[in-house]
Amino acid sequence: MSGASDFLSKGIDLVQKAIDADTATRYEEAYKLYYNGLDYLMLAIKYEKNPKSKELVKSKFTEYLTRAEQLKDHLEKQAQNKSTAESSVNGSTKAKKSNGDGNGSGDDNDDADTKKLRGALAGAILSEKPNVKWSDIAGLDAAKEALKEAVILPVKFPQLFVGNRKPTSGILLYGPPGTGKSYLAKAVATEANSTFFSVSSSDLVSKWMGESERLVKQLFTMARENKPSIIFIDEVDALCGPRGEGESEASRRIKTELLVQMNGVGNDSQGVLVLGATNIPWQLDAAVRRRFERRIYIALPDVEARTRMFEINIGDVPCECTPHDYRTLAEMTDGYSGHDVAVVVRDALMQPIRKIQQATHFKPVIDETDGKEKLTPCSPGDEGAREMNWMDLATDELKEPPLTIKDFIKAIKNNRPTVNEADIAQHVKFTEDFGQEGN
């Protein structure tokens with residue numbers, strides 16, 4: 001609730017500034033403030049739990065959106081008039097010549113608009129691969145196999161997918177926060193020999209509200225031009241929530257365009273995969289849900305996956321934990337998401353640093369890596385203990401204490417799981433009704 005109220009207060013503050021600028025005829029400033037405020041109001045609507053409050057915010061959202069679109073039209077006409085005036089001063093015959101008989105200005109405007117839309121989407125194309133391999137993801141075997149079937153196989157063996165046998169065109173990954181949905185998408189981007197478009201609702205909504213549906217259309221056009229391609233939409237629920245009376249016209253248009261493009265009406269969409277991710281799949285519009293042919297539940301990791309997660313996250317940091325210790329830690333973290341385990345490991349990795357900071361005594365030990373004598377934190381009663389602190393040590397004198405299972409147990413006590421039973425129950429119910437297991 002505090003999140004919704006924070007978004008609401010920020011949105012109201014920005015909208016009030018927009019109204020002040022609007023009244024003072026500073027229309028360009030007002031336009032930007034309106035849309036910044038609308039972004040926050042949209043987030044407030046998403047997280048508001050009280051139905052009456054939600055309806056009130058929605059009605060205000062629609063009112064301010066209408067005014068913002070009016071200002072946008074006014075500013076565009078103003079810019080067009082200015083451009084026309086400048087061209088007439090600089091020689092209108094030159095402009096006519098470039099347009100042939102002078103009737104081609106509409107096409108030029110269309111080209112300019114298309115360039116603008118493509119420019120807005122340019123950042124969505126991943127030119128560098130994220131370097132996340134399938135082996136970096138613990139568990140989720142069913143989800144990985146489904147993604148390989150939809151993404152890797154059709155590119156590597158196109159002869160397998162002919163006639164009525166076609167690869168999946170829409171996959172929805174859903175589950176509690178921190179279970180690895182976006183991480184799976186990164187693995188797809190790394191492993192697939194395809195153009196990867198990564199967008200969120202803000203890329204398609206908050207740039208230009210009035211042109212959002214054209215932005216969606218251009219996204220799919222670019223994907224078809226560069227196929228095989230993958231469109232990854234994170235937090236797809238923010239873009240495709242259920243229909244209702246309080247839904248804004250802009251939101252409705254975006255959703256309609258997305259449905260049309262995902263359906264491939266009038267276009268050849270073979271070779272384009274839409275990959276969606278959401279934490280709240282039950283908030284998806286039913287028609288959008290149907291467009292995602294496969295809906296895969298990314299559940300909390302089991303004990304085997306958590307064991308592997310501890311090993312992966314520790315990496316090459318010096319550690320005295322045995323395979324049995326990793327298993328013990330995995331059993332202690334039942335109910336933890338992949339992100340929760342990563343947080344525990346990050347906390348544990350800092351424990352040796354904290355020992356160094358808090359130590360009052362250090363003793364000499366031989367560093368096995370270079371055979372030199374160095375100093376490491378110890379108890380005052382240890383043999384050879386010297387009273388000193390870390391500030392007294394030279395940079396190359398310090399030998400960091402190794403990680404032990406005690407460091408991890410302490411970190412587990414400090415970091416509790418972030419997913420509750422009620423959230424899991426909703427995902428299980430959705431899976432029983434519409435989805436499939438991804439573990």
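Using N, Cα and C of the backbone, Cβ positions are placed for all residues, glycine too.
Copied from Swiss-Prot, the annotated features are:
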BINDING   GLY175, PRO176, PRO177, GLY178, THR179, GLY180, LYS181, SER182  ATP binding site
COMPBIAS  80-93  compositional bias 'Polar residues'
DOMAIN    8-75  domain 'MIT'
REGION    76-113  region 'Disordered'
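Features recorded in Swiss-Prot, as mapped to the structure shown.
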{"residue": "PRO176", "record": "ATP binding site", "contacts (Cβ under 8 Å, 6+ apart)": "ASN279, ALA299, LEU300, SER337, VAL419, ASP423, ILE424, HIS427"}
{"residue": "PRO177", "record": "ATP binding site", "contacts (Cβ under 8 Å, 6+ apart)": "ASN279, SER337, HIS339, THR418, VAL419"}
{"residue": "GLY178", "record": "ATP binding site", "contacts (Cβ under 8 Å, 6+ apart)": "SER337, GLY338, HIS339, ASP340, THR418, VAL419"}
{"residue": "THR179", "record": "ATP binding site", "contacts (Cβ under 8 Å, 6+ apart)": "ILE298, ALA299, LEU300, PRO301, SER337, GLY338, HIS339"}
{"residue": "GLY180", "record": "ATP binding site", "contacts (Cβ under 8 Å, 6+ apart)": "ILE137, LEU140, ILE298, PRO301, GLY338"}
{"residue": "LYS181", "record": "ATP binding site", "contacts (Cβ under 8 Å, 6+ apart)": "LEU173, TYR174, GLY175, ALA277, THR278, ILE298"}
{"residue": "SER182", "record": "ATP binding site", "contacts (Cβ under 8 Å, 6+ apart)": "ASP234, ALA277"}
Additional residues surrounding ATP, by Cβ distance to the GLY175, PRO176, PRO177, GLY178, THR179, GLY180, LYS181, SER182 centre under 8 Å: ALA277, ASN279, ILE298, SER337, GLY338, HIS339
Predicted model, mean pLDDT over the domain 'MIT' (8-75): 83
DSSP-derived structure type at PRO176 (ATP binding site), helix or strand or else coil: coil
Other CB atoms, at most 10 A from the CB of GLY175 (ATP binding site): 29
